[in-house]
Amino acid sequence: MAPSSATLLTPRAEAEAAQRRASDPRASAWVGASAGSGKTKVLTDRVLRLLLRPETKPGRILCLTFTKAAAAEMATRLARRLGEWAVAGDAPLSASLEALTGQRPDAAALTRARALFAEVLDQPGGMRIATIHAFCQSVLRSFPLEAGLPPQFTLVEEADAASMLADAREGTLASGRLPAEAVEAIAGLGSPEDFSQTLAALVKHRDRLAGAIAAAGGVPGCDAVLRRRLALPASGSEAEALAKAVEGIPPALDRAAALLCQSGNDNDKRRGATLKAWLALPPDARLARWDDWKSCFLTNDGKPYADRSLATKGGLKDAFNETIGILRAEAERVFAFEETRRGWRLHAASLSLLALAQPVLAAYTARKARAGAVDFDDLIAAAQRLLTDPGSAWVLYKLDGGLDHLLLDEAQDSNPAQWDIAAKLAEEFFAGSGTRDEGIRSIFAVGDEKQSIYGFQGADAAGFARWQSHFSTTVPRAGARFEAVPLQVSFRSTAPVLALVDAVFAEGPARRGVVGDDAQLAHRADRIGEAGLVEIWPPMAEPPRETPEPWQVPQEAVGQANAAALLAESLAARIARMVREETLPSQGNRPIRPGDILVLLRRRTGFSDLLVAALKKQGIACGGVDRLQLVEQIAVQDLLALLDVLLLPEDDLQLAAVLKSPLVGLTEDELFRIAHGREQPLWWRVLAERGQDTTLGRAAEWLADLADQTDLHTPHTLLAEVLGIHGGRARLLARLGPDAADPLDEVLNAALTYESRHPPSLQGFVQWLRRGGALVKREAESGVDAVRLLTAHGAKGLQAPVVILPDIGSGLNRDTLRWSEAEPPLPFWAPRKELHAPAWAELAEADALAREAEENRLLYVALTRAEDRLLVCAPGEPKPGSWYDLVAQGFSRLPGVQETAFEPTAFGAPPAASFDGPLRWFSSEQTAPPRPAARHAGAVVPQVPPDWASRPPP
């Protein structure tokens, strides 16, 4: 029997056929695109083929992407292709269109293709390619009154939203109108920072919370709902339950205590004495010393003692069975009560949180309303309400009149509200398809459930398949064609990388959330015959700790190296060797550049700073970290201390910090001389030194001069003068090193940002920066010739020839807020372990499974960023289920893996770096002709810099 045509297709031919099927404008399509399978190309091809149809109007195509970068990338690709078509000759244009559609174009198609560039250019606003937030904003701008918003509403940025929330929180707490018992309960359960973080988490779900509280009948109604969920009685309190537990002590415990006291075992005697002493107490004292009684029956973890720990058979002899029976029954009773008691405490904490959160969130909403502002979450919520409100049907009618084709990018990262918006748009234009004659209308979604990694933002990983099922029924019912198209061929990665990915997720816990029960990952590589390499270093051992000799104080600070620091130095040395000596065979053996290397971290930790410092020490260009918390940087703290002093010179602590900082540079002795024994503020002592030719005298002149200018300059101008004219930048960099340059630049940028949104008040700027304006987010720039250091989340959509994955751990799940799935969906708040009731434990277990699934998907994303080479390593002993452990298991399942002795000192790793085990690796040789060298950041034309480039910045 002759083989079918499908079996004769090469991976590329198979992929191109699937891509043409997915981009067919005559059908709606749902595309499951594995990593590197050409998702953006399919999306672009789909739009191009839609535009080629004569009946398609560019303004009736809407493409929704997940990020601004994705929208910009797609718009750039479309503009480039249309521009090429506009000037192409018949032969190249015909070849391009045939490759796109699979059919040879006629003269009319060529004419249409050439005219598209001008047609799109004439479209007001260009092609409608936007993020979901930008689209919702445009809808709300068009229908503000219907959405209940002011016509000229403004979009508040994250920093300003955080400041508004802080104002709402402080104003509500200071109002004196909150329940005193709720405030007292909250204050006893955590710090103000904990409460602030919890409120910020509730803000993300404020509509859900408001709906749940309303459904429960207000906060008083939430009391009854929480009691039912926690299996607590409809009335009563923890104190009453404890009193009943104390009253319920069986009389047999007197007998058991006496028998224990008569035991021949010392532990039995001590337990018996404790029980006997407690039983002799009056009722009130028993309540106060309940923990003494509990400790006789439960471990520190709250579990009942084993029989052998409650009593000893050798000591009690014939009385053992009687004694252990009494003690075991009481241990079970105490355990059951403590479980219920946890429920009482969880109930009290959760109810107190609701009582405080409701007015705070209401005040936050009111502040935004007074300012005519909405935040990013409001955009989605308001658009969802607008489009799903039966009274706003005419809004859908108006939108339907300007929309024929809806395209969704990264659909697996959409949350339920975003799916509702997309579904409402699509259902409306499918519902209207029979009344319009303009032609075919379609919905197109591309995504990959394996890459759904934004659960913390509400992404619904299962929504992609659920809505595929929905539209596979809805679209044919409207008389249109629906296609489900999988894309499995990777154009990005070499065969060794894909083989490792398949092996990692072939068995074991790594499959959860990535691969279905009966499915197997089977990526196909387009890059057949190209050189690739995957390697896993043995785990780095923790170096031995040196114990200093007692009573010998070192003359200078002595650092203790740890595995993370040594791994950072080892990786920096390995990267330096790559850049200086190694090449990419798949690209004609061109040298590896720093911009070819992408380091992916599981989470942001101090390891990133260690690696950046180590790379700079090696002379390797590094792009730095993708997130920068300004107020945590020492240079910025010094500047904030200076601003505090200028605002309040009597702040002795901050003034002392400024005097000791690099901005002034006083020694401990000099500061002690003016600070010790003073009877007036330190500021006065400093001013008394004016006119002296000393460090302190010059500092006094400088501070007095700045104080005179504080009311005359904006925050940015003041900071620029401090850093520029007064030499503050040079002093800070001289003491703190070049790592301080980025924070100094960013604090100046933050001052400009603040002044563009608010009156330029110095007090306001300092408060704004500390409340929420201090987080700097940097987009990864692929065109910069520097090693990129990102989290796996931040690398979504990126790729690199060389990817390094140091597994530094995922950290503990310290979520203190969990939502009940039952209606109404009220949250439980447990900031302490003693509040972890059984109901909380059930939710925590479900959350742990969901988190494990998302961590596995994040690992899939991280591994598939690699084009040619992948390196995995870890400091310390890897934990079971860690990324390193899962990848190591994948190597064990991968045929053809080779092992060799690992010699890190050969590439310059520090001598103290010790690795436990051999180096394992798997590679493929370059047998295919090399690809054209990809454009990389190093390929730039040198230019003469302008004069100002050699001058120091302000």
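Backbone N, Cα and C define each Cβ position, glycine as well.
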Would you mind telling me which of 1-32, 321-352, 513-544, 673-704 TrEMBL tags as region 'Disordered'? 1-32
Residue counts in helix (H, G, I), strand (E, B) and coil for the compositional bias 'Basic and acidic residues' (13-24), per DSSP? 10 helix, 0 strand, 2 coil
Collapsed DSSP category at LYS39 (ATP binding site): helix
Note the Cβ centroid of ALA33, SER34, ALA35, GLY36, SER37, GLY38, LYS39, THR40, the recorded ATP site, then list each other residue of that chain whose Cβ lies within 8 Å of it, in sequence. VAL42, ASP448, LEU487, SER490, PHE491, ARG492
Please work out which residue of ALA33, SER34, GLY36 has the most C-beta neighbours within 10 angstroms of its C-beta, and give that one of the binding-site residues. ALA33
Below 8 Å Cβ to Cβ and six or more residues apart, same chain only. Which residues does that give for LYS39 (ATP binding site)? VAL31, ALA33, ASP409, VAL446, ASP448, LEU487
Check ALA33 (ATP binding site) against DSSP and tell me helix, strand or coil, would you? strand
Sequence-ordered list of residues in the chain of GLY38 (ATP binding site) that lie 6 or more positions away and have a Cβ within less than 8 Å of its Cβ, or none, is ALA15, GLN19, LEU487, PHE491
Averaged pLDDT, computed only over the residues in the domain 'UvrD-like helicase ATP-binding' (12-494): 89
On a count of neighbouring CB atoms within 10 A, which of the binding-site residues SER37, THR40 is highest? SER37
